[in-house]
Structure formats: structure tokens, C-alpha cells
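K.L.:
According to TrEMBL, the feature acetyl-CoA binding site maps to Val105, Thr106, Val107, Arg113, Arg114, Gly115, Ile116, Leu117, Arg118, Thr141, Glu142. Sequence annotations record features per position, and here TrEMBL assigns active site, proton donor to Tyr146. According to TrEMBL, the feature domain 'Eis-like acetyltransferase' maps to 204-322. If you look up TrEMBL, you'll see 326-418 marked as domain 'Enhanced intracellular survival protein'. The active site, proton acceptor annotation in TrEMBL covers Phe431.
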Amino acid sequence: MPVQQLRFAEVPLERNPATGAPSAAYAAWVDTAWEGFHEKPATAEQLEQLLQAEVCDGRVLTGVFDDSRPTDLVDALTPVATYASFTRTMNLGAKLLPAHLITMVTVRPTHRRRGILRKLLSTDLSEAKDAGFALAVLTATEATIYGRFGFGRATEQQVLELDVRGAVDFHAAATGSVVQLVPAKLADIAPELFARFHESQRGSIGRQESYTRMATGAWGDEQPEPDPKLRAAVYLDAHGVIQGYVTHAFAGWESTPPTLKVRDLVAATAQARRELLRFLANLDLVERVTVPMVAANDPLTWALVDPSRISYTQRQHGLWVRVLDVVAAFEAREYRGSGTFTLQVQDPLSLVAGTYRFTLTEGTASIGLLENPEPADASCEVTALGPLLLGACTVRDLVVAGLLKPASPAASATLGSLLDLPGLPHAINGF
Ligand SMILES: CC(=O)SCCNC(=O)CCNC(=O)[C@H](O)C(C)(C)COP(=O)(O)OP(=O)(O)OC[C@H]1O[C@@H](n2cnc3c(N)ncnc32)[C@H](O)[C@@H]1OP(=O)(O)O
């Protein structure tokens, strides 16, 4: 059936009024989404947990239905495609801005490559812009899908592997103390510490409800069901203030070498992170500690006396950002110094196309869309705006990549001097 004849409908986060259990329509949506990611069907208890969490998140679920399927073979409530969105803030450096988050996008193999994703995404991005969102954000299963819709790669992450055989020495003397505690104690501590991290880290994206449930062991890292293996510790600074937490689980005696896997490590200060890693590095009976969601410019190599204990694996793209409002998004960014330039943006979805004048005064921007466009100092496709907004790379990197086209070498140098930022954007969670 062509995409025009399919039915696109919101699937409410609701319960069966008679039983109080998650509704059949919600269950069918989850089952389709999970099948799309090759997961087993959710159990009744998992569905209950998911519904609770998704209500907390304020998710909006969309299902796409093919009413031509034989109802004796397939329940009419079962969608052929799923799509979900909700709102969290993103740290753009100078400000946190509400972002439109897109997730759980699946199209059944029987209905692929006939434009369902294109219709879902282009409609949703247009509605998100009309609703006032300056950016949409997603994580991608494949890097090649979302550029055509204007998403640009904004953060990266990798897994840190630390060889913890024998004594692991740090340059800095230990400070503060670490207290091991049951994960349930993190119910209030985890969101509060994450909020402090989120305020301080460019590129950070707000967390959904599942993260608190995972920090407390109510959910495992793979399924929304209790995880008895989980252990936890907090770091207290020299004044006794909690500044970070870590949750972790032993990978089992069959792991080679014996490995402890960090599930989540949230530190409100750089010292807290270092001290939690020192705690992990000194655990007995394990030879390797792995830490996920580590920044591409992770500073641990500078903290250890022997940096060869560290290796990084699984480096990959993290958040993809689609700018929906150039003025609001780029006024929430940091800059260096003062100056002006104009940027012409091309946008196949016509959401942000135009020429913008940036007037920068001591690191803050005032931006306007020009009514009578003039030849711009640089031009780019909308997909370059994500990395440019977050400072994910330098202006020169974007120019060399062919993603940003300066009118002259002087214009390139001016943009670099104003837009290049120290450090990298980083997010410690996906969604
Ligand atoms: C935010 C997230 O949730 S990321 C998770 C994405 N989901 C998955 O990976 C689950 C498995 N895959 C799927 O469910 C589907 O194949 C999807 C969602 C990736 C694509 O859905 P479809 O409805 O087939 O895509 P649609 O037909 O609308 O294609 C839109 C465009 O994307 C392109 N495209 C679609 N899938 C892919 C892919 N896997 N890789 C590269 N390009 C792709 C198409 O060629 C098309 O390009 P064009 O319009 O420029 O010619």
C-alpha cells in the first residue's frame, strides 16, 4: 500500500479502563518497536514499567497503520511503523534550550523504502518548529540515514578500558572519600548530580526517567526489570558533599580478563570523576574496568602515571542535531570575541533556509535573518549547523570536509576565530 493510503495516528499512553493494565494499542506499539530492534516481546511487567516511565517522560507515540492487512492474520492495532518524541533540554554552552527528541523509529520490513520515515520525520520536524523548538535531536542506528533530513553529527562517545592489574597510580593525591551504598539510595542523588553535570557540560542532553530507574537497579541496562547485580558508590568531597556516583556490575568469572563494567558514572566535578575512577581502579579480583559513554577527548590519560593502562574502543557517533531555528539556537551558543559575519544556509526541507547576519559582542550573539540577502561570507547545508552549533569540530575541519564553504580564506579565518571553541561537546546518555 502506498504511503498516502496508510493511517498515521497518535497512540496514547493509556491503560485499559477495566483491568488497569497498559492498553492493547500501547502494547502493540511497543511490540512493533521492539521487534524493529530485534528484541523479544515485552512481558506484562516490562510493559507496565515502560508505560510508567514513558508517562513520566511525556512521550508522544505515533503509529502508522496499514488497514489493508487481513485482520485474521494480524491484529489491526499492530502498527507497521513506530515513532516517538519527547522534550528535554540540551546544553548549548551559553544556555540550556528545550530540544525535540526523536526515538524508537522503526518501519516494518514489509513496508520499508516507500517513504514512511520521510513522511514521519518531515511532518514532525515541521510541527516541532511551529511549536517553537530551536532544535531536534536523535541518536542514529546508522550514520547514513539522517543527514538528508538536516541532522548533523554533534557528539561522539567511546568505551574506556582500564587495565587495573596491580597498583594503579595517579599523579594527583587522593582527596575526599568514596562510600559504597545500595543503588536504591541513588533515587534522589542520581537526578540531582546529573542536573549539575548537565548544567556544566556543552552537548549534554537531559535524561529520561529510565536513567533514574537504571541507577537504582529497578531496571537493568537492557530490560526494564530489576537488576540484582548492580552495585553503587558515591564520592564525597573534602567537605562531605556528594559530588559524583558510579553504578557498576561484575561481568562474571567467565569474563576474560575478569571485568567490572561501569553502567553509569556521573560527576559534578572533574575531581569527583577522577576519584571515582581511582576507586574503580583499585578494586580487587578484577583485571579490567570498562566505562561507557566516555568523551572523545577523555582526560584520564593525563591523570595516570602509566597511560598505557588505558585503551579506548567502540568510538562512535552520539547525538545528531537538526537546527530548526538558527537565531534561537545560535544565540544560545558561546563565541570567542567580537565581530560580524553572514552565513547562507541551504535546507532541503525549507525550515531554516536563508542568509543570517551574526553580530558577536564579547562572546554573545545577536542574529538576524536578512530580508534582502547579500553574498554571504560563507554558505553551508543545514546538516553542517549541528556540528557548528555545538563546536564539535573546528571551522577549518568543516571547510576541509566540504561542509562549510567560505567566500574567501579571510572569511574562513574570521569564522574560525569567532566560532572555534575549546574542548568538545559531550553527552553521557542517549535516548
Ligand atoms: C532515531 C531512531 O530511532 S534511529 C533508529 C532507526 N531504525 C532502525 O534502524 C530500525 C531498522 N530500520 C528501519 O526501521 C527502517 O529501515 C528505517 C526507519 C531506517 C527507514 O525507514 P523507511 O520508511 O524505509 O525510510 P524511507 O523510505 O522513508 O526513506 C527515506 C530516505 O532514507 C533513506 N534510507 C532509509 N533507510 C536507510 C538506511 N538504513 N541507510 C541509509 N539510508 C536509508 C532512503 O533511501 C530514503 O532516501 P531518499 O528519500 O533521499 O531517497
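Here the Cβ of each residue, glycine as well, is placed from N, Cα and C on the backbone.
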K.L.:
Hey, how far is the residue listed as 'active site, proton donor' from Val107 (acetyl-CoA binding site), Cα to Cα, in Å?
P.N.:
15
K.L.:
In the structure shown, which of the recorded positions Val105, Val107, Glu142, Phe431 has the fewest Cβ neighbours within 10 Å?
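P.N.:
The recorded positions Val105, Val107, Glu142, Phe431 were compared, and Glu142 has the fewest Cβ atoms within 10 Å.
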K.L.:
Given a 10 Å Cβ-Cβ cut-off, pick out the one of the binding-site residues Arg114, Arg118 that has the most other Cβ atoms nearby.
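P.N.:
Ranked by Cβ atoms within 10 Å, first place goes to Arg114.
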K.L.:
Just to be sure I understand, if DSSP states are collapsed into helix, strand and coil, how many residues of the domain 'Eis-like acetyltransferase' (204-322) fall in each?
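P.N.:
Result for the domain 'Eis-like acetyltransferase' (204-322), in helix, strand, coil order: 25 helix, 45 strand, 49 coil.
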K.L.:
Please list, for the domain 'Enhanced intracellular survival protein' (326-418), how many residues fall into helix, strand and coil according to DSSP.
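P.N.:
Secondary-structure breakdown of the domain 'Enhanced intracellular survival protein' (326-418): 32 helix, 30 strand, 31 coil.
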K.L.:
Using only the Cα atoms of Val105, Thr106, Val107, Arg113, Arg114, Gly115, Ile116, Leu117, Arg118, Thr141, Glu142, which the record gives as binding acetyl-CoA, return the largest interatomic distance in Å, rounded to a whole number.
P.N.:
19
K.L.:
Return only the integer: C-alpha distance in Å from Val105 (acetyl-CoA binding site) to Phe431 (active site, proton acceptor).
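P.N.:
So the alpha carbons of Val105 (acetyl-CoA binding site) and Phe431 (active site, proton acceptor) sit roughly 12 Å from each other.
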K.L.:
How far is it from Ile116 (acetyl-CoA binding site) to the residue listed as 'active site, proton acceptor', counting Cα to Cα, in Å?
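P.N.:
Here the two Cα atoms lie 22 Å apart.
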K.L.:
Calculate the per-residue pLDDT averaged over the domain 'Eis-like acetyltransferase' (204-322) and state the result as an integer.
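P.N.:
In the predicted model, the domain 'Eis-like acetyltransferase' (204-322) has a mean pLDDT of 97.
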K.L.:
Tally every other Cβ atom lying within 10 Å of the Cβ atom of Tyr146 (active site, proton donor).
P.N.:
24
K.L.:
What recorded positions in Val105, Glu142, Tyr146 place CB under 6 Å from ligand 1?
P.N.:
Val105, Glu142
K.L.:
Kindly assign Arg118 (acetyl-CoA binding site) to one of the three DSSP-derived states: helix, strand or coil.
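P.N.:
Assignment for Arg118 (acetyl-CoA binding site) reads helix.
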